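S.K.: From TrEMBL, here are the annotated features:
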TRANSMEM  181-201  transmembrane segment
TRANSMEM  207-226  transmembrane segment
TRANSMEM  238-262  transmembrane segment
TRANSMEM  289-307  transmembrane segment
DOMAIN    338-427  domain 'P-type ATPase A'
TRANSMEM  447-468  transmembrane segment
TRANSMEM  474-499  transmembrane segment
TRANSMEM  808-831  transmembrane segment
Amino acid sequence: MDRIDQVASALDDARAAARAIGIDLDSGEPQIDEARPKVSYAFDLDGLHSAPDVADIEAALEAVPGVRARIVFPEATAWITAPDTVHPDELSGVIARFGVRAVLTDASLRRRVMRSDPLERPTRRGRLPWKYRRHFEDEERNLERARRAGFLGDPEARLRQAVNAQPKDLLFTARDLLTPVRLLVCVVLAVPVLLMSYFPVLQFGGWQWLALVLALPVVTWGAWPFHRAMAGGVRRGLTALDAASSVAVLAATVWSVAMLLFTPAGDIGWQSRPQWFAFQHQRIDVGELFLDVACGMTVLLLAGRLLTMRTRVSLLEEMDALRPEPHHRVEVMPRQRTGGETEWLPLQEVNVGDDIIINAGEVIPVDGTVVGGACTINRGLVNTGGQERAQVRVGSYVHAGSRNLDGRIKVRVVHTGHRTRLAAVHRWVSDANIKQHRSTLLSTRTAAMLIPAALGLAALDFVLWALIAGNINAAFATALAVLASVAPVALALSPALAIRHGIEAAVRNGILIRDGATIRGTERVDTVVFNRMGTLADPDMTVETVTAARGENPELILRIAGALALESDHPVSQALVRAAREARDTGAGGEEIPHWIEVAHAEVDAEGNFRGLIELPTTTPDGTVTTTQMEALLWRPLTMSDLRGRLAAAVVSGGTPLIVRWKGRDRGVITLHDSVRDDAQEAVEQLGNLGIETVMLTRDTYPVARRYADRLGVPQVLAGIAPGKKPQTVRAVHTMGATVGMVGDSSVLPTLRVADIGILVSDGDDVGQLALSGHEGVDIIVLRRDVSAIPQLIAQSRRVCRIIDQNIIFAWAYNAVALLASVAGVLHPMAATVLMLGSSLLIEARSNSARIFRR
């Protein structure tokens, strides 16, 4: 009986343990607790030889409760998300039923060790050699760092990183201390002080002591952000931009207190009349108060800084507002189900290939292709299509950050998280800001020198006025005006602000600029070299003519060209393959042409020619048909000396020529037609209006290239240039004294890197990956398909540089005039403060005008 009780007790314990992990034994179906965490695994598959087995394996895996699977057949990899209660051996066992061996990848094994129980983990690692334990610890630290730095991570951490990257020769006033509440309190306290100081009719008996009581909170708590920055600069040996204003406020307050305590200014019944010029001030034994200057300067500084902050909403902040939360749930429609059932999953569990539903008013959280429905979308912050709104339907490509304005669409996921275009552009702009902060601009260095110079000039002015005029009050008023008139903030921030607005305006219009130095370099460009293919020409090419040598079959020539170019994704190759397949499907050439031409050892040489060994049927003298392997070549002529006869005439008679050769003989010429992009001619004309010389770089022969350039109005042509020699050609243009901006697609990346400014033009919908990959050496990435982006880019760069140069000239001119007027005694300290704030706001308004991007 005791034995039976023990068995029953063990069964009860087993049932309780099963319920604890989400299995309901009473219902007969395993129930998985959806609140339990999920684990992602990657398996390498050995023995997966048949593509039709993929769907069966995925269905079997997803039959396990809570499991979602996706198998990539070409890579023989399985990506599986499962509850943490499902052991990997159970998943590999399901796959093994289909004769496929599944092995966890190294990364999955490392993550499994890192996820192990914290109490158990040291024991597991303790049994490992020391170098492996250290490796796992490094992996864990790197993983945690990647999580914190990810696109779905903490935006405040990225903000702190950007702040830490600011120039170290200046100290800026803390923005979080500049609050509307502080300004409001200071205004309430300062207004009575100003009224009593400037209107003698309001000066009742003892008014000056009331003014002191009201002024003390303003000049201490109200001006604390500026005092704090000054004290921090003194402690760290840095220059605080608001140090002169802080010294002026403190000096005016201390002077006024001294006057109240040691001169008749503290007597009941004493009155003051405002004096606007230094030579009108009374002598020190009569007393003079500057509480109005201390309070007015504080209020004006706070108002100006708050106004500046409100107008500095950056593109990154707007992107962060569109950034989806990792736990945001989206409606997913599993592709294996046909009943129209959907499920809601966190965005971080959505995989490539999933279909998600986007309803009206929702922001699209992924990059993908529309596979169902139609709607109108707002393109979002990065507009590459000109119009802010666009109609999308089945087959359209949409990007994360776009908003569905109406309708309901189903989007098949292509990229999620950090691989979306929005995330890639976010990283690009963040890097541009950090590089801009780190750059040592002339304006920041000179602004750092202006503060000590102003302090020294104020001290010298005080001494000279005291010695020459003999009026200490006048000397102090002029010194106070010197400190109040200095405007280093505008001088330091206006170039960086204009550059940031210029870069962000370009990004909003589909152009990614690396940093401020790139803007300055683009402004100096006087020669733009276009690589014809991918920029001026439409990427959709068609076969125009096929000219065969005497005795050759033109259909065979076309089929061999298509076979040699089959593995390439270049527009020329795509046109050849498409034409060869259409000819094969229509039965052109009859039975003499083989249905399929096998190519072995296919390769592309340094000059872009296609080589390979082809198999063709040949007939022996006795009539026997055998298959013979021979070398074939698909090449493009560079000069007219490469050919003779009718093939030479065919090369110059049409579009882009390609020559097919096998068994050492040129068999025929295929010419391809590519139309000019719609706005290419207008863009070339706009560049000419900007005073920029345009050059077309192409591999075509000169007669073909010249005809194409004449259609566009391009004056200079560099023809017959092989791909490997294009960088050398661009260097040669540069050595002739030109500042070269090279424009091309990803096929000419080495050429872009050697130019003064390399401009990479996107060549597909998946443009986010261009920014994602970084493309070191490329200065600008254009995410638009229109050629007009190039003159717009140069015009924007020139405009931003013009704003910066004019701001610097104006800032220096203002500071020089204001300091001279202050020293001469014709500028009242309060008037100097107003002029300082007005000049700063004017310069900032001009910098903000860089936000405008003219299309």
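Note that Cβ sites are derived from N, Cα and C of the backbone, with glycine treated the same way.
Because TrEMBL annotations are produced automatically, they should be read as predictions rather than curated entries.
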S.K.: Please list the DSSP helix, strand and coil residue counts for the domain 'P-type ATPase A' (338-427).
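M.R.: Output for the domain 'P-type ATPase A' (338-427) reads 13 helix, 40 strand, 37 coil.
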S.K.: Are the transmembrane segment (474-499) and the transmembrane segment (181-201) close enough to be called in contact, which here means at least 3 C-beta pairs under 8 A that are separated by 6 or more residues?
M.R.: no
S.K.: Please indicate, using numbers and ranges, the residues of the same chain that are 6 or more beyond the transmembrane segment (181-201) and have a C-beta under 8 Å from a C-beta there.
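M.R.: Residues 207, 210-211, 214-215, 217-218, 221-222, 225, 271-274, 289, 291-292, 295-296, 298-299, 302-303, 306 contact the transmembrane segment (181-201) from elsewhere in the chain.
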S.K.: What residues in the same chain, six or more past the boundaries of the transmembrane segment (238-262), come closer than 8 Å to it by Cβ-Cβ distance?
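M.R.: Residues 168-173, 208-209, 212, 215-216, 219, 223, 225-227, 229-230, 232, 287-291, 293-294, 297-298, 301, 447-449, 451-452, 454-455, 458, 476, 479-480, 483-484, 486, 488-489, 492, 829 contact the transmembrane segment (238-262) from elsewhere in the chain.
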